[in-house]
Ligand SMILES: CSC[C@H]1O[C@@H](n2cnc3c(O)ncnc32)[C@H](O)[C@@H]1O
Ligand SMILES: [Zn+2]
């Protein structure tokens, strides 16, 4: 911190709060403040010291709040908000083959993706998510929506063998990814990955192509893996090995690989995960709702494997609520392992923030409140019946705060949600525009 006798450095804003949870280091700070300049955290310290050391035109004081890093939704399909509630209570392959893929086949377009992603961003920002890791068709449309609405997004270039409105096959997907990379690199809030859909929808040739492009461009890879027992059985029948072993043989697994779901893991799978350094995106609510299984998070964490938390898409969850998701993750880990100490409050908060950032290679930039990192932060008011009394703010965030208690959200130092309201867009206007898509999707059977 600068000397208090010299002229005070000017920063853009100072945010102070009753409690600050920086996530790293793992401490709870009382009456602390952040000094922010040009979207970056310049300093974090006791409120009085920060105000004595810096001057800012914009000062926010949050007396009943926790200030913490925004959540990183480590796996979603943002545009699927347009299919929320379309097909429930079904197993994964029935849900995909008989409901979701036919609707996507008929309706997905850049306009569909823009609309669905805007709805998702409106929901996610309101719930305190400041970064999302996306996998969907027409990634340039999703990237543009995130950039326009001021949300950080890690955009996956989809690779899938079967023909879609987006591309004819895996080769065409890889070509589209290579063509789009430079364009999305111009968007300051966007980073990119390759997103082969799943081991059962991408043959070895497409996976080799993925590995080559990922190596050439140093891109992360984001993929659904070991989501169901059926996926593992099918791989054993078709390839003679489990999906993870097949991906390892194809040279895809390394610390830049994010394996989503991972509900089916034997001891050899865990060894592959540990030795490769891959990260896991745990999506407990989607896995529960589709009856896919439960990722053995306690065993995964014992091996030192990085765990992040994702909601999956709104058509299988059915919300994009990271506070709800992290609570489900914490409770499920305890229930599944029979150990109430599994996935305690601090660790689950870390997984939903810094763990997600590290899983997508963004740990240098976001996920914790540290000098030098971007000011991606949220305030949660604990002045609410659901969170009274406050013995331990970390416990309140992990176990009882609801997303309606998220009052303020900043991405890159820019305020996106103020006092619970979107700053730059009208939610009713978003719903009105989306309604046209809803009508077309609802009417689809009459129009065939
Ligand atoms: C090729 S874009 C992404 C693709 O994934 C589908 N999808 C959504 N949720 C899941 C899931 O849990 N497992 C597998 N595939 C899923 C989505 O509908 C898109 O087609
Ligand atoms: Zn998914």
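Cβ coordinates are placed from backbone N, Cα and C, and glycine is handled just like the others.
Features as listed in TrEMBL:
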- 75, 77, 224, 312: Zn(2+) binding site (BINDING)
- 104, 197, 227, 312: substrate binding site (BINDING)
- 66-415: domain 'Amidohydrolase-related' (DOMAIN)
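Structure with TrEMBL features highlighted.
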residue	record	Cβ neighbours (10 Å)
75	Zn(2+) binding site	31
77	Zn(2+) binding site	28
104	substrate binding site	22
197	substrate binding site	20
224	Zn(2+) binding site	25
227	substrate binding site	28
312	Zn(2+) binding site	29
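With a cut-off of 6 Å between Cβ and the nearest atom of ligand 1, the binding-site residues 75, 224, 312 reduce to 224, 312. For the binding-site residues 75, 77, 224, 312, a Cα-Cα cutoff of 10 angstroms around residue 197 (substrate binding site) retains 224. Only 312, in sequence order, out of the binding-site residues 104, 227, 312 have a CB under 6 Å from ligand 2. When secondary structure is read from DSSP and collapsed to three states, residue 224 (Zn(2+) binding site) falls in the strand class. Surrounding the centroid of the Cβ atoms of 75, 77, 224, 312, where the record places Zn(2+), the chain contributes additional residues within 8 Å, namely 76, 135, 260, 261, 281, 283, 286, 310, 313, 316.
Across the structure, residue 104 (substrate binding site) and residue 77 (Zn(2+) binding site) are spaced 12 Å apart at their Cα atoms. Look at residue 312 (Zn(2+) binding site): DSSP puts it in coil.
Recorded residues residue 227 (substrate binding site) and residue 312 (Zn(2+) binding site) have their alpha carbons 12 Å apart, per Cα-Cα distance. Confidence annotation: the domain 'Amidohydrolase-related' (66-415) carries a mean pLDDT of 98 in the model.
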